[in-house]
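I have placed the structure first, in the form of structure tokens, so that the comments after it can refer back to it.
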């Protein structure tokens with residue numbers, strides 16, 4: 001033990017003031033801590049790169065509904081009308097993609113006509129009459145309901161598209177196209193009403209005098225941090241959560257646009273009223289961004305995930321876009337965005353058209369000319385956005401060495417990867433008891449020579465396990481196309 005000669009208070013204080021220690025004796029631990037700080041500092045930049053890319057993917061899918069979908073529906077209708085003149089050739093009346101476009105167009109028209117019977121003003125005053133705490137509970141319930149609707153909604157739409165385009169020679173085990181179509185219309189209508197109630201609640205919060213409801217709703221974002229940062233996350237779970245955050249951010253921006261439109265209409269489009277709304281809008285946007293950055297910074301810290309993982313996620317989203325542009329693509333890009341992020345553009349588009357048409361009165365030839373010019377502007381924006389996204393996506397895919405997989409199909413394994421030997425598998429097996437799916441990693445490391453000591457071998461094995469703990473093949477990320485209810489679910 002320690003020996004103190006002539007113990008006294010003076011000697012103790014002198015020792016406390018002058019004692020030394022050497023941090024280099026524990027160099028590895030301090031270097032690791034410094035790296036964690038640097039990773040946390042890199043997270044905002046890397047996360048926002050992913051968020052911005054994902055945001056513009058959502059914009060692309062959303063603008064498609066307003067710009068190219070009507071034109072594609074017109075082309076499909078022209079083909080149907082010209083069939084008697086041209087004569088029937090081939091086994092199909094319409095191509096599968098054209099059938100899906102027609103169905104989407106029909107769903108939009110039907111839901112929009114049904115939305116005319118829903119009174120936005122009455123809903124607003126009904127919500128305004130409730131107490132603050134009741135509205136806070138309603139808003140939370142709406143957020144959960146939105147996730148559930150998004151999760152199940154894409155399945156309903158996929159089932160409709162497949163039932164309508166399934167090859168005739170196959171034995172059918174479905175209930176038929178018409179029941180599926182009515183289910184899809186019912187779903188889109190209900191989801192549009194749900195988003196309308198969300199927008200109305202947000203509008204009430206903006207217009208309340210003491211802003212208490214808006215403050216409570218913003219604090220709700222910070223409660224989300226508590227619910228996610230202290231849970232175990234793996235790369236695939238974080239990918240799902242990142243996609244969910246992108247979708248939530250885009251939806252909140254569209255809700256803010258709807259709230260601003262309704263408020264501006266109430267004040268006869270007075271530009272000065274925009275400056276009254278600006279602080280509240282800024283507060284909502286800032287809190288969203290701050291919560292996402294804090295949440296992701298601590299999740300990556302607690303789970304030892306590097307900041308480079310966000311560039312992998314971006315490459316996976318870029319791969320979706322590039323593969324959907326192929327001649328024999330499996331699906332349209334707006335559908336793959338819906339599957340990845342749980343973002344379904346149809347309900348949001350129906351609501352936005354309803355709000356814009358009720359807020360802006362179109363009368364006279366000049367108004368219709370302005371509407372046509374606005375439509376041309378939207379088409380131009382969509383085309384430019386698509387071109388820039390496609391160029392960026394090709395760069396990201398090339399950088400991630402995923403070009404070979406484009407020609408193999410989305411579900412094929414990378415051709416460059418070979419199966420590891422039994423020795424490698426044993427060496428790279430995770431220390432935990434949980435069994436994982438087999439990952440086909442390229443074997444880049446030979447077996448250690450027999451001259452190595454046992455301690456060195458154990459150290460190398462530990463390093464290999466820690467490296468592979470969060471390293472997953474790109475194939476795993478590409479296979480995640482389901483929107484989970486909670487992004488932090490542990491598989």
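In case you wondered, yes, glycine gets a Cβ from its N, Cα and C as well.
According to TrEMBL, the transmembrane segment annotation covers 50-67 (among others).
According to TrEMBL, the transmembrane segment annotation covers 106-127 (among others). If one looks beyond the transmembrane segment (106-127) by at least 6 residues along the same chain, the residues whose Cβ comes under 8 Å of a Cβ in the stretch are 65, 69, 135, 138, 181, 184-185, 188-189, 192-193, 196-197, 200-201, 203-204, 262, 346-347, 349-351, 353-355, 358.
Taken from TrEMBL, the feature transmembrane segment covers 177-197 (among others). Panel annotation: around the transmembrane segment (177-197), residues 103, 106-107, 110-111, 114-115, 118, 120, 123, 127, 138, 142, 145-146, 149-150, 152-153, 156-157, 159-160, 163-164, 251, 255, 344, 346-348, 350-351, 354 of the same chain, lying at least six beyond its termini, place a Cβ under 8 Å from a Cβ of the stretch.
The transmembrane segment annotation in TrEMBL covers 343-360 (among others).
Taken from TrEMBL, the feature transmembrane segment applies to 366-390 (among others). Distant neighbours of the transmembrane segment (366-390): 53, 56-57, 59-60, 63-64, 66-68, 321-322, 325; these residues of the same chain sit at least 6 beyond its ends, with a Cβ under 8 Å from one of its Cβ atoms.
Taken from TrEMBL, the feature region 'Disordered' applies to 408-473.
Summarising the annotation, TrEMBL assigns compositional bias 'Low complexity' to 410-423.
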